[in-house]
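Peer 1: Quick one: the structure is below, questions incoming.
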Amino acid sequence: MARDYYEILGVSRDSSKEEIKRAYRRLARKYHPDVNKEPGAEDRFKEINRAYEVLSDDELRARYDRFGEAGLSGAAAAASGFQDFAGIGGFADLFESFFTNFAGGGVGYSRSRQGPVRGDDLRFDLKLEFLEAIFGGEKQIRISHLEVCPVCGGSGAKPGTDVKVCPTCGGAGQVRRATRTPFGNFTQVSICPTCGGAGRVLEEPCYNCNGEGLAQTTKKLRINIPAGVDSGTRLRVSGEGDAGRRGGPPGDLYVYLFVEPDPDFQRDGLTIFSQVRVSYLQAILGAKVLVPTVDSKAGLEEEAELTIPAGSQPGTVLTLEGKGVPRLGNPMLRGDHKITLVVEIPTRISSEERELLMRLAELHGERINKRDGFLGGLLRGLAQMPGNREREEE
């Protein structure tokens, strides 16, 4: 019974094509007949090549996952009488192959992997304090990524050893396979399973990168945080992703920002929200009070002066214009700072204060005994407190 192709390569069934390729290249180097002279190594090498040939092809892999080995031998298509079509991936591949062959002289086209390959992009999640997001700054981060191997210089070969022409494809990076169809005999070109399209094989892999040409390394980066960023903002750092292969350009680093909350301020876009507590007398008579702003908390300026209009009600919202968040990309433009008044009613008052309030209530025609009206209700609450009842009894 044939072994499972995923088991042969040592990968799971949900592995990506890149993971399958890495597993194949690692095993191919280990069991290549030019390197491994042990009995059975050649058979193992052929088994590895067959597994990679199937799992690296999306169509073949899908049929293998569904039907197993039978799906590759034509059994899955036998009911339709088209056993010969199984080798070229179904009707879609058949007609694509036919028209490509017609236009290209009888050779199906498959893109070679010998050229430069751009490195992968990377993601890094970065937490910012509330004020860092508002005013920006510089942050130092540490990332792990792939760089060109310093030992082999990216060739993948152990220093002092050669990179040889692939014996399977002769350096072309592609192999041809003749296929018989109802339209005649055609040749299909696919990526060489031995060299993975590189056209070259290693005499001996580099001990530092295991023949990949790239090595995992950690480095520090300084990231410039512009003023006005928020949670979800994405910053691109060009060229700081994984290194490219075969001289390809590196990928980019994408930094995703997450802003931590602040105990004093809330934010919605460019607007800052906070509260200020004032006494009931300040709310009634009006006042000027100092309030903290994001600028003062950051140490950029003193607290701002806020004018409380006379007769302000609890929940009144006052605005400090231009004291909000700088606009991202144009920090000279800023939002506003909205401040909600929280009017504090004292829980204890002195006898003198109570007497003054009672006189004020009488001026307004309040019936103190019944504790009607706003001030009456205030006095009733004050009078019912244990401490105030004791004062009355004295």
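From the backbone N, Cα and C atoms, a Cβ is placed for every residue, glycine too.
Fair warning: this is a prediction, and the values are worked out from it, not measured in the lab.
The feature domain 'J' is assigned by Swiss-Prot to 4-68. Swiss-Prot lists 136-218 with the feature zinc finger. Residues annotated as Zn(2+) 1 binding site in Swiss-Prot: Cys149, Cys152, Cys206, Cys209. Summarising the annotation, Swiss-Prot assigns repeat 'CXXCXGXG motif' to 149-156, 166-173, 192-199, 206-213. What Swiss-Prot records for Cys166, Cys169, Cys192, Cys195 is Zn(2+) 2 binding site.
Mind running through what each feature is packed against?
Peer 2: Secondary structure of the zinc finger (136-218) per DSSP (helix as H, G, I; strand as E, B; remaining residues coil): 0 helix, 41 strand, 42 coil.
Within 10 Å of the C-beta of Cys209 (Zn(2+) 1 binding site) we count 23 further C-beta atoms, all protein chains included.
Away from its own ends, the repeat 'CXXCXGXG motif' (149-156) comes close to residues 163, 202, 205-209, 211-215, 243, 245-247 of its chain (Cβ-Cβ under 8 Å, at least six residues beyond either end).
Within the same chain, the residues at least 6 positions away from Cys166 (Zn(2+) 2 binding site) whose Cβ sits under 8 Å from its Cβ are Gly173, Cys192, Thr194, Cys195, Ala198, Gly199, Arg200, Val201, listed in sequence order.
Here the repeat 'CXXCXGXG motif' (206-213) has long-range neighbours at 22, 25-26, 29, 148-152, 154-159, 245-246, meaning same-chain residues at least 6 beyond its ends whose C-beta is under 8 angstroms from one of its own.
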Peer 1: Where DSSP helix means H, G or I and strand means E or B, what are the helix, strand and coil counts for the domain 'J' (4-68)?
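Peer 2: In the domain 'J' (4-68), the DSSP-based counts are 45 helix, 0 strand, 20 coil.
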Peer 1: Compile a sequence-ordered list of residues in the same chain as Cys206 (Zn(2+) 1 binding site), six or more apart from it, whose Cβ lies below 8 A from its Cβ; state 'none' when nothing qualifies.
Peer 2: Cys149, Val151, Cys152, Ser155, Gly156, Ala157, Lys158, Pro159, Gly213
Peer 1: What other residues of the same chain, not counting Cys149, Cys152, Cys206, Cys209, have a CB atom within 8 A of the CB centroid of the Zn(2+) 1 site?
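Peer 2: Counting only non-site residues, the set is Pro150, Val151, Gly153, Gly154, Ser155, Gly156, Ala157, Lys158, Pro205, Tyr207, Asn208, Asn210, Gly211, Glu212, Gly213, Leu214, Ala215.
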Peer 1: Inside 8 A of the center formed by the CB atoms of Cys166, Cys169, Cys192, Cys195, which other residues of the chain have their CB, for the recorded Zn(2+) 2 site?
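Peer 2: Near the Zn(2+) 2 site, the remaining chain residues are Pro167, Thr168, Gly170, Gly171, Ala172, Gly173, Gln174, Val175, Pro193, Thr194, Gly196, Gly197, Ala198, Gly199, Arg200, Val201.
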Peer 1: Just to verify a number: CA distance, Cys169 (Zn(2+) 2 binding site) to Cys209 (Zn(2+) 1 binding site), in angstrom, no decimals.
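Peer 2: So the alpha carbons of Cys169 (Zn(2+) 2 binding site) and Cys209 (Zn(2+) 1 binding site) sit roughly 25 Å from each other.
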Peer 1: Going by a 10 angstroms cut-off between Cβ atoms, which of the binding-site residues Cys152, Cys192 has the sparsest surroundings?
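Peer 2: With the binding-site residues Cys152, Cys192, fewest surrounding Cβ atoms within 10 Å: Cys152.
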Peer 1: Looking only at Cβ atoms, how many others are within 10 Å of the one on Cys169 (Zn(2+) 2 binding site)?
Peer 2: 23
